[in-house]
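The annotation 4-CDP-2-C-methyl-D-erythritol 2-phosphate binding site is assigned in Swiss-Prot to 10-12, 36-37, 58-60, 63-67, 102-108, 134-137, F141, R144. Sequence annotations record features per position, and here Swiss-Prot assigns divalent metal cation binding site to D10, H12, H44 based on sequence analysis. Here Swiss-Prot flags H36, T135 as site 'Transition state stabilizer', drawing on sequence analysis.
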Amino acid sequence: MNIRIGHGFDVHKFGGDSPLLLGGVNVPYETGLIAHSDGDVVLHAISDAVLGAVALGDIGKHFPDTDDDFKGADSRHLLRHCYQLAKDKGFVIGNLDVTIIAQVPKMAPHIQAIREVLSRDFATDLDNINVKATTTEKLGFTGRKEGIAVEAVILLAKA
């Protein structure tokens, strides 16, 4: 069986008046995240993990922030495109594990909704999707409530 592991990491700074989107879910908070696209840091980390697993670079290569075509882009669309590239190479998801690193907002009320969005976008069982959150105990930029970081690890298997 041919399997691949991909790791993704992304960070965005709080700011602006756009809604806070995390994992395709609108999370109530006083501000959104600054980004060229819609700023969904969760989906960006996952997209990088998918692309990394199949040796296709990163989202910056596929959707450069210098290209106005991607200004305000829907990150769910970007993720589905990345996953299609993996499927075109014969791979499907085995499982996904995501860690959201944020002091604010509290993520627990939103974890299940994020898992459900990801399950639909990957067309896989909910049991294959794990999302968790942690803080840095008020240390660093996330602890100072300046932004959010996300790590994602995905296992892809040859279909």
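In case you wondered, yes, glycine gets a Cβ from its N, Cα and C as well.
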Alpha-carbon distance [T135 (site 'Transition state stabilizer'); D10 (4-CDP-2-C-methyl-D-erythritol 2-phosphate binding site)] in Å:
15
Around the divalent metal cation site formed by D10, H12, H44, list the extra residues of the same chain whose Cβ is within 8 Å of the site's Cβ centroid.
V11, L33, A35, G39, D40, V41, V42, L43, A45, I148, V150
Quick check on the recorded positions H12, H36, H44: which one has the highest count of other Cβ atoms within 10 Å of its Cβ?
H44
Determine, to the nearest whole angstrom, how far the Cα atom of H12 (divalent metal cation binding site) is from the Cα atom of F141 (4-CDP-2-C-methyl-D-erythritol 2-phosphate binding site).
10
T135 (site 'Transition state stabilizer') versus S37 (4-CDP-2-C-methyl-D-erythritol 2-phosphate binding site) - Cα distance in angstrom:
25
So which one is it: of the binding-site residues D10, D67, which has the fewest other Cβ atoms within 10 Å?
D67
Here's one to test understanding: among the recorded positions H36, H44, T135, whose C-alpha is closest in space to the C-alpha of P105 (4-CDP-2-C-methyl-D-erythritol 2-phosphate binding site)?
T135
Any idea which of the recorded positions S37, T134, T135 has the thinnest Cβ neighbourhood at 10 Å?
T134
Report, as a single number, how many Cβ atoms besides its own are within 10 Å of the Cβ of P105 (4-CDP-2-C-methyl-D-erythritol 2-phosphate binding site).
17
